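This structure is in structure tokens; I'll ask about it shortly.
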Amino acid sequence: MTDNRVENSSGRAARKLRLALMGPAFIAAIGYIDPGNFATNIQAGASFGYQLLWVVVWANLMAMLIQILSAKLGIATGKNLAEQIRDHYPRPVVWFYWVQAEIIAMATDLAEFIGAAIGFKLILGVSLLQGAVLTGIATFLILMLQRRGQKPLEKVIGGLLLFVAAAYIVELFFSQPDMAQLGKGMVIPALPNPEAVFLAAGVLGATIMPHVIYLHSSLTQHLHGGTRQQRYSATKWDVAIAMTIAGFVNLAMMATAAAAFHFSGHTGIADLDQAYLTLEPLLSHAAATVFGLSLVAAGLSSTVVGTLAGQVVMQGFVRFHIPLWVRRTITMLPSFIVILMGLDPTRILVMSQVLLSFGIALALVPLLIFTSNATLMGELVNTRRVKQIGWIIVVLVVALNIWLLVGTVMGLS
């Protein structure tokens with residue numbers, strides 16, 4: 001009887017710790033459903049139906065492992081990835097890493113900010129510039145929560161992630177995809193032509209985001225409670241739940257586009273405005289509105305996450321700190337310049353995804369090196385199998401992103 005009480009008590013304590021440590025992965029997961037994912041998944045679903053769903057499944061599994069490694073680095077060492085690079089690499093390398101990470105954070109933010117502005121434009125009927133102003137105000141308000149600590153921000157961003165997931169449950173109800181074909185597309189790899197290969201590379205490139213690799217290790221480095229092993233165990237649950245939700249959203253985006261556009265003959269849908277305007281007559285005004293709201297929620301939350309990531313890389317690499325509101329103001333400027341110049345926002349979204357491809361390997365390689373170092377990681381060091389899978393992911397991601405980059409430059413998209 002005593003043994004049972006002790007067992008029940010330890011089980012309750014483990015569940016309590018797991019719940020207390022839940023949140024960082026939800027912030028990181030937002031990076032996986034940003035407006036760049038909207039654009040890529042919609043184009044893939046409209047062009048090839050359910051045939052590229054398997055890419056989303058595998059990309060999400062890869063992203064899940066990467067985020068676990070990032071979170072584990074913070075737990076095991078008490079330092080984030082940027083700080084580890086600063087401590088172990090020569091100063092010129094560190095400065096190079098800082099500059100490229102800042103550029104990538106700004107490119108990411110550009111896509112996310114413009115995506116949210118497009119969402120406001122679609123649902124409110126305002127101009128893109130007015131949508132950008134609303135986006136700026138909303139992100140300032142969300143960032144103010146950071147003054148109260150990490151938990152309130154985790155709750156708001158986690159809530160926005162769940163809202164986007166709920167929105168896509170509604171979209172699936174409206175679009176009524178063929179579940180048998182959807183299941184087949186998730187498990188049977190298919191690349192019917194070179195354009196499909198290009199889009200598959202785009203889906204992967206839009207899924208694995210370098211800025212959240214830096215950010216996640218920062219979100220877990222100050223976690224308290226339990227042993228390191230217990231914190232790591234709780235974090236794996238956090239990542240599994242958050243990334244499963246993000247994976248569902250990406251699958252639902254592509255499946256909705258397939259059901260609504262591909263099988264109705266609208267295979268040329270390539271931008272967010274067009275997707276919104278086509279959804280209304282095909283499904284309903286409600287379906288189009290839900291799409292617009294989900295785009296706003298994803299854009300707002302991901303642009304906040306991008307601002308936080310930029311702060312982490314600056315503090316980590318060069319020990320320099322500026323207030324979040326100053327960083328938010330500076331990183332908004334490129335978005336307003338793009339809008340005022342009248343550039344195509346969807347094309348800017350795509351170009352920003354290509355720019356991100358440069359930073360993925362630069363973040364992944366040191367992450368794998370550090371998490372495979374027994375001196376740094378102790379009992380949380382990577383197993384041989386994790387190392388092997390990690391390096392396979394690095395090679396695959398680099399190869400596909402080179403393909404994506406070359407294809408974009410050559411105008412194959």
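Cβ from N, Cα, C; glycine included.
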In terms of membrane topology from Swiss-Prot, TRP95 and SER233: same side, yes or no?
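Domain labels match for TRP95 and SER233 in Swiss-Prot.
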Does the chain bring the transmembrane segment (328-344) near the transmembrane segment (126-145), so that three or more CB pairs sit under 8 Å (pairs 6 or more apart in sequence)?
yes
Tally the residues of the topological domain 'Cytoplasmic' (221-238) by DSSP class, grouping H, G and I as helix, E and B as strand, and everything else as coil.
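Across the topological domain 'Cytoplasmic' (221-238), DSSP assigns the residues as follows: 11 helix, 0 strand, 7 coil.
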